[in-house]
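My structure is below; once you've seen it, I'll send some questions.
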């Protein structure tokens, strides 16, 4: 769906059909979606990876237990909010109102949720504030993801997925900025809130267009239920590993360095470096996958890289080695998830329920936030963080193997009856596929 930011076009939020087939988007138009997605990442990465652990540490609470509870309770809230707000966006779109009103509301709620985080002073209050935050930020993410699925043509799904990797370096840069440039927790979160709003603004002002038709280059044929379940399962495994590593990353490097005061700034700088490398790699592979109409074969290499990085982290005995291995892991994860995103979006059924269906697919992102803290907490208590890294490596390897079970048609063609079955039976298949899991 092209997004023409044209001052001559009224911005009344109405969806306007153009043609039966979507025109390719210009790079500035694609960047509006990528910037909004980056705003969502900026909303949660600095808080969950640095500011929250620092807060828990300063309050002298049980770090592992509080973070585990924040991960579990927050993930439940995120899952419910993503499905719920996706469904609300679907209803608004069917009534001609579009999703951008909900995007604005979610952005405002996210800023308000930061106030609760600042005033939380005990374990229960911290967990409650994170639940409220997850509810708010997922109201934003639900609309952004649905807009990308609806408005970006199928032939450009690999490109937009690659551009989505810009969110991680921007979020990491934000983390470094707020740690170095803002003195207090309130000031740091205020900066984050302003950046989130600024990132959402171009997409909020862009003119909505006609949703993408089903099919197109890169669309997977045959057995959509089984293929969608496999793609979701691969993402689930990779996200469990990524969530587990991210949750205890600060403590992992603190153990290697032996100085927690210097670790905070060091990890912030490392996150910036580890998120820059995946961008050109993902862009190259994403554009290449768009050209050849295949997604599956491009997922294996990144998964192997992530696995090798985790094995290196498990055996690391110095900051330098651990940092180098983490960069490899982060690159593999980011590229894998970017390409998996474009793959999954092409498997979505057509119709008016994309927001809800993407919310269900988002369980592959939120369930790991429940499972990973529990797994990592168990490994930390029973063994150590190195053992946890090795266990996560098994998951990333499995994530790379699963896409091999998906059949692809290099021509990217759909069966003739795809359009007739997409609006009803495919959505039923989607629901059943997740129920089977």
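Just so you know, glycine gets a Cβ as well, placed from its N, Cα and C.
Automated prediction, rather than curation, is the source of TrEMBL annotations.
Found this in TrEMBL, in case it helps:
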- 29-411: domain 'Major facilitator superfamily (MFS) profile' (DOMAIN)
- 30-54: transmembrane segment (TRANSMEM)
- 66-89: transmembrane segment (TRANSMEM)
- 101-120: transmembrane segment (TRANSMEM)
- 126-148: transmembrane segment (TRANSMEM)
- 160-183: transmembrane segment (TRANSMEM)
- 189-207: transmembrane segment (TRANSMEM)
- 228-255: transmembrane segment (TRANSMEM)
- 267-286: transmembrane segment (TRANSMEM)
- 298-320: transmembrane segment (TRANSMEM)
- 326-348: transmembrane segment (TRANSMEM)
- 360-380: transmembrane segment (TRANSMEM)
- 386-406: transmembrane segment (TRANSMEM)
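Please situate the listed features within the shown structure.
Sequence-distant contacts of the transmembrane segment (66-89), counting only residues of its own chain at least 6 positions beyond either end whose CB sits under 8 Å from a CB of the stretch, comprise 48, 52-53, 56, 99, 102, 106, 123, 126-127, 130-139, 141-143, 145-146, 243, 247-248, 353-360, 362-363, 365-370, 372-374, 376-377.
Here the transmembrane segment (101-120) has Cβ contacts under 8 Å with residues 13, 36, 39, 43, 47, 51-52, 55, 85, 88-89, 92, 126, 128-130, 132-133, 135-140, 142-144, 147, 185-186, 189-190, 192-193, 196-197, 200, 203-204 of the same chain, all six or more residues outside its ends.
Within its own chain, the transmembrane segment (160-183) has Cβ neighbours under 8 Å at 30-31, 33-35, 37-42, 44-46, 49-51, 148, 152, 189-192, 195, 264-265, 268-269, 271-272, 274-276, 278-279, 282-287, 330, 334-335, 338-339, 341-342, 345, counting only residues six or more beyond its boundaries.
For the transmembrane segment (189-207), same-chain residues at least 6 beyond its ends with a Cβ under 8 Å from one of its own Cβ atoms are 3-6, 9, 11, 16, 29, 32-33, 35-36, 38-40, 42-43, 46-47, 51, 100, 103-104, 107, 110-111, 114, 117-118, 140, 144, 147, 174, 177-178, 181-182.
Residues 148-149, 154, 157-158, 160-162, 164-165, 168, 216, 218-220, 224, 227-228, 231-232, 234-235, 238-239, 241-242, 245, 249, 270, 273-275, 277-278, 281-282, 285-286, 289, 295-296, 298-299, 302-310, 312-313, 354, 357-358, 361, 396, 399-400, 403, 430 of the same chain, all 6+ positions outside the transmembrane segment (326-348), place their C-beta atoms under 8 angstroms from a C-beta of that stretch.
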Would the transmembrane segment (126-148) and the transmembrane segment (228-255) count as touching if the test is at least 3 Cβ pairs under 8 Å, pairs 6 or more apart?
no
Would you mind giving the whole-number mean pLDDT across the domain 'Major facilitator superfamily (MFS) profile' (29-411)?
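Over the domain 'Major facilitator superfamily (MFS) profile' (29-411), the predicted model scores a mean pLDDT of 84.
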Does the transmembrane segment (386-406) reach the transmembrane segment (228-255) with at least 3 CB pairs under 8 A, where each pair is 6 or more residues apart?
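Between the transmembrane segment (386-406) and the transmembrane segment (228-255), contact is present.
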Mind checking which residues reach the transmembrane segment (228-255)? Cβ under 8 Å, same chain, six or more beyond either end.
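Answer is 48-50, 53, 63-64, 67-68, 71, 263-264, 266-267, 270, 299, 303, 306, 310, 313, 319, 322-323, 326, 329, 333, 336-337, 340, 343-344, 347, 361, 363-365, 367-369, 371-373, 375-376, 380, 385, 388-389, 392-393, 395-396, 398-400, 402-403, 405-406, 429-430, 433-434, 436-437.
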